[in-house]
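These features come from Swiss-Prot:
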type: ACT_SITE; residues: 90; note: active site, proton donor/acceptor
type: BINDING; residues: 56-57, 63, 85, 158, 188-189, 214, 243-248, 254, 262, 264, 323, 325, 329, 332-333; note: NADP(+) binding site
type: MOD_RES; residues: 9; note: phosphoserine
type: MOD_RES; residues: 14; note: phosphoserine
type: MOD_RES; residues: 20; note: phosphoserine
type: MOD_RES; residues: 28; note: omega-N-methylarginine
type: MOD_RES; residues: 28; note: asymmetric dimethylarginine
type: MOD_RES; residues: 31; note: phosphoserine
type: MOD_RES; residues: 112; note: phosphoserine
type: MOD_RES; residues: 124; note: N6-acetyllysine
């Protein structure tokens with residue numbers, strides 16, 4: 001795992017105490033007298049991000065109204081969350097429009113925000129997707145127009161592109177950073193080998209390497225974030241920004257009796273999620289969640305709070321991206337920070353015993 005207190009570690013944490021009007025927990029979850037919020041370094045970069053970020057996939061420009069999106073962003077910002085993530089492909093660009101409109105309307109200082117977007121699928125034309133120099137530059141320009149921003153803090157390559165030479169992609173990312181369109185760049189859903197290749201190309205040609213990988217991470221998907229990325233962090237300083245802590249809602253427990261109406265699995269285009277939930281493996285996962293629910297009750301928290309705190313307990317995770325469709329849901333998820341100190345080694349061991357899927361690095365062969 002990652003070091004606990006080295007200077008370059010994403011485990012470096014600080015607490016912010018503010019007098020902002022939005023309390024970090026609603027009365028339902030027990031509001032503390034003072035607002036506390038963790039910040040971590042994004043990989044070995046100097047960029048400080050809140051350990052919880054707000055994502056816009058499915059929700060912004062789609063599942064929720066623009067008014068609800070504004071309410072969620074305001075709640076997040078008032079509670080110390082500074083990281084907001086989107087992508088050119090989310091709701092065919094509308095998610096970026098909604099996000100940009102809210103930032104403009106609220107008048108928040110741009111320097112207080114960390115805005116990230118992802119480039120790969122921009123349009124239907126052959127030249128409007130992928131990681132060519134052309135699409136990275138044109139795609140990011142279009143994203144910035146929709147966001148009404150001069151720059152994003154991190155631009156992510158939303159998939160690896162086997163049709164584009166790695167050197168071309170790394171040169172294009174370096175170019176948009178040098179042009180002031182982005183501060184940093186990262187990867188999403190890339191393999192360790194691909195990230196390492198990008199780093200090697202950057203070092204060979206004196207270009208800018210990626211600082212972060214966006215990866216799926218939850219109780220049922222652990223290998224990449226717990227085994228592969230720690231090695232990359234130690235070798236080249238790439239951090240982890242994780243998404244789907246509730247496995248698209250599976251870990252929330254709402255699918256234990258089937259597919260509720262208006263849930264994500266009931267939406268058009270999410271048949272894959274419905275199939276996953278109703279599969280034999282899905283039923284096994286629901287049985288494990290019932291056991292985890294007992295641990296959550298013992299700790300005085302909800303199952304989603306336990307699941308998010310479990311992701312945060314990994315010191316290699318710089319930030320966990322949350323998805324929310326209601327204010328109550330977001331406040332409940334933010335409440336996971338209160339659960340984090342309760343996750344003792346014995347509790348973690350108990351959770352691992354229930355899950356039965358703890359991955360081991362090749363370096364652990366003696367243990």
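The backbone N, Cα and C atoms fix where each Cβ goes, glycine too.
Residue 189 (NADP(+) binding site) and the residue listed as 'active site, proton donor/acceptor' have their C-alpha atoms 16 Å apart, to the nearest angstrom. Here the candidates are the recorded positions 56, 124, 247, 325. The one whose C-alpha lies nearest to that of residue 90 (active site, proton donor/acceptor) is 56. Of all Cβ atoms in the shown protein chains, 28 besides its own fall within 10 Å of the Cβ of residue 85 (NADP(+) binding site).
Counting only the Cα atoms, the space from residue 56 (NADP(+) binding site) to residue 112 (phosphoserine) is about 19 angstrom. Taking each of the binding-site residues 244, 333 in turn and counting other Cβ atoms within 10 Å of its Cβ gives the largest count for 333. For the recorded site, residue 333 (NADP(+) binding site), the DSSP three-state label reads helix.
When the recorded positions 85, 112, 244, 247, 333 are compared by Cα distance to residue 124 (N6-acetyllysine), the shortest distance belongs to 85.
Counting Cβ atoms from all protein chains shown, residue 112 (phosphoserine) has 8 others lying within 10 Å of its own Cβ. For the binding-site residues 56, 325, the largest tally of other C-beta atoms within 10 A is found at 56. Fewest Cβ neighbours within 10 Å among the recorded positions 90, 124, 189, 247: that distinction goes to 124. The distance from the Cα of residue 247 (NADP(+) binding site) to the Cα of residue 112 (phosphoserine) comes to 29 Å.
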